[in-house]
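Engineer: So Swiss-Prot lists the following for this protein:
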- C38, H68, C154: Zn(2+) 1 binding site (BINDING)
- E98, C101, C104, C112: Zn(2+) 2 binding site (BINDING)
- K11: N6-methyllysine (MOD_RES)
- K213: N6-methyllysine (MOD_RES)
Amino acid sequence: MRAMRLVEIGKPLKLEDIPIPKPKGSQVLIKIEAAGVCHSDVHMRQGRFGNLRIVEDLGVKLPVTLGHEIAGRIEEVGDEVVGYSKGDLVAVNPWEGEGNCYYCRIGEEHLCDSPRWLGINYDGAYAEYVLVPHYKYLYKLRRLSAVEAAPLTCSGVTTYRAVRKASLDPSKTLVVIGAGGGLGTMAIQIAKAVSGATIIGVDVREEALEAAKRAGADYVINASSQDPVSEIRRITQGKGADAVIDLNNSEKTLSIYPYVLAKQGKYVMVGLFGADLKYHAPLITLNEVQFIGSLVGNQSDFLGIMSLAEAGKVKPMVTKTMKLEEANEAIDNLENFKAVGRQVLVP
């Protein structure tokens, strides 16, 4: 089968012909119909998440097939699989655990000590087929197409969990940093659907701000031409934001947006740009603010976002479908901040 693989750090993905895997036991072979392109794939190709090197520090073994936003049809199942059969259209939770560690036992499989992350340390969906380690990580699609569903498995899961951690309600104000991208537009939709909070979207390009508006943002701020701190203070009548979801965590965002938090505000950190957080420690105590890490999501988050999307309450803003062989172009678009919404590869 054709697969776009990371063979060498810092180099374009390479199209290779590799064997189609054979499922056994609880495994399922999926014929890919859609693979979303995530900013994590930029970091994978660069070979690092901030200062963490994917090979030396995170144990990723090359070559590996990228792509962790996955939807397709079941091609073949192992002999221990129940409830699924050939032809079923499914979305795949790529954040899988081995099942035995402490974190797996408490339902936080995505934090597994020996994770099985498709497209990271297991071969992923930038291919014609992908082998899923366990059928429990599948979700049967009823209303959604594969192209609509694929981005939900990362951008949807990630922002669903981040919104949960933001502890929102209709009285609260949420600021979304990076509001016009795939994660940003998803975060806005989810927050509106589950909380009714007032949402301020921040980005640096007008087309991204338009995407944030379409997703449901009540206010948008162009951080390249406006003072975001004063604008957020104005919108909130001086109170500040009850929560910030930072989808970048860059040096610039972390130097600005922690200071827009209201008392008891929550700063939910999602992005992996690799900057250091520098914040005047007494303010944490005096204002009772919290800095919260949020990494993708667990199986409960996966089922939650899929149910929400199947009910029509959120919809991925897929702006472009591309061929499998165009994976490098799609990653380039993300790396150079040219992508709006979500790009999806269709093998």
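Including glycine, each Cβ sits where the backbone N, Cα and C put it.
Walk me through the surroundings of each of these features.
Structural biologist: Around the Cβ of C154 (Zn(2+) 1 binding site), 30 further Cβ atoms fall within 10 Å across all displayed protein chains.
Its Cβ placed at the centre, E98 (Zn(2+) 2 binding site) has 14 other Cβ atoms within 10 Å. Classification of E98 (Zn(2+) 2 binding site) by DSSP places it in coil, neither helical nor stranded.
Sequence-distant contacts of K11 (N6-methyllysine), defined by Cβ-Cβ distance under 8 angstroms and a gap of at least six in the same chain, are R45. Secondary structure at K11 (N6-methyllysine), taken from DSSP and collapsed to helix, strand or coil, is coil.
When secondary structure is read from DSSP and collapsed to three states, K213 (N6-methyllysine) falls in the helix class.
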Engineer: Beyond the listed site residues E98, C101, C104, C112, identify every same-chain residue whose Cβ lies within 8 Å of the center of their Cβ atoms for the Zn(2+) 2 site.
Structural biologist: G97, G99, N100, Y102, Y103, R105, E109, D113, S114, P115
Engineer: Note down the number of other Cβ atoms within 10 Å of the Cβ of C101 (Zn(2+) 2 binding site), including every protein chain shown.
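Structural biologist: Step by step: centre on the Cβ of C101 (Zn(2+) 2 binding site), count other Cβ atoms within 10 Å, giving 16.
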Engineer: For H68 (Zn(2+) 1 binding site), what residues in its own chain, 6 or more apart in sequence, show a Cβ-Cβ distance under 8 Å?
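Structural biologist: Counting only residues 6 or more apart in sequence, the Cβ neighbours of H68 (Zn(2+) 1 binding site) under 8 Å are C38, S40, P94, W117, L118, G119, I120, G124, A125, T153, C154.
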Engineer: Using C-alpha atoms only, work out the spacing between E98 (Zn(2+) 2 binding site) and K213 (N6-methyllysine) and round it to an integer in Å.
Structural biologist: 40
Engineer: Do you know offhand how many angstrom separate C101 (Zn(2+) 2 binding site) and K213 (N6-methyllysine) by C-alpha?
Structural biologist: 42
